[in-house]
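Notes follow the structure.
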Amino acid sequence: MYSNKNDKDKDKDQNNENNKNNDDEAISLKILVVGKLACGKTSIIQRYCHNNFQPKYKPTIGVDFQQKVLEIMGQKVLLQLWDIAGQERFGHMTRVYFQNAHGAVIVFDATRSGTFLGAKAWKDDIDYCFNNENLPTILLANKCDLLTPPYTFPEDINTFCEQNRFNKYFYTSAKEDTGINEALEELVKIILESYQTQEQSTGFKLSDQSQSTETTPTQSKTCC
C-alpha cells in the first residue's frame, strides 16, 4: 500500500511537471487592432474572444485588450488583441502601445469609403513606428453583411494591399461572425512562419521576444 501511494504521488508530480512544461511552451503574440472610428474593431475582438456581439456602439477610450488561447501549427499561442482607439485626439497617446507588437489588424468599414482610405494612413503609421520592417499586417473589410457582392471600394483592394504591403485581406462581419476566425488564424500563421524562418537563419526564437511583451503600458522608443 505504501509503495502504491508513492507511485501515485510520483505520477501526480509528473503530471504537474508536464502541465507546467506545456504552459512554458505557450508563446504570447501581441496584435494591434486599429482603424478609424466606428469601424467595428471592438466588435471584432468581442466576437473572436467571447463569441458575442453588442449592436449598441460604444467607442474605445484610449486602449483596451482581450486575450484568447489557441493552437496553430502545433504551437500553443496566447493571443493578445490590443484595441486601439480610432479617435484622432488619442493618436499621439495610443502610439506608445505599438511597442513589441508581433502583428497588426487594420479594419475599415466596408460601407464608408473614407475609412478605406484611412486604412492607408494607419499602415503608414505602423510602417513608420516599426522603421519599415514590414510588420505582418492584414486588412479587414468589416460590416460586409451590409453590402451585396461584388464589393466595390475607392481602389481595387488587391492592388491596394500589394502597394501598401498588407499580407492579406478578408471580408468580415462581427454581427454575422463572418471571416474573423479565418483572418486572425491566418495572421498568426504568417507570424509563426516568419519567425521560424528567422530562427533557422539567425538562431532567434519567437519566445525570446514574447517574454518582453507586456500587458502594461510602456513608452515606445521608435514612435511617439
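For all residues, glycine too, the Cβ spot is worked out from N, Cα and C.
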Report summary line: Which range is motif 'Effector region' per Swiss-Prot? Of 39-47, 57-65, 156-164, 165-173, it is 57-65
Requested in this report: Please work out the helix, strand and coil residue numbers for the motif 'Effector region' (57-65) from the DSSP assignment.
Outcome: 0 helix, 3 strand, 6 coil
Query raised in the report: Any idea what the model's mean pLDDT is for the motif 'Effector region' (57-65)?
Result: 78
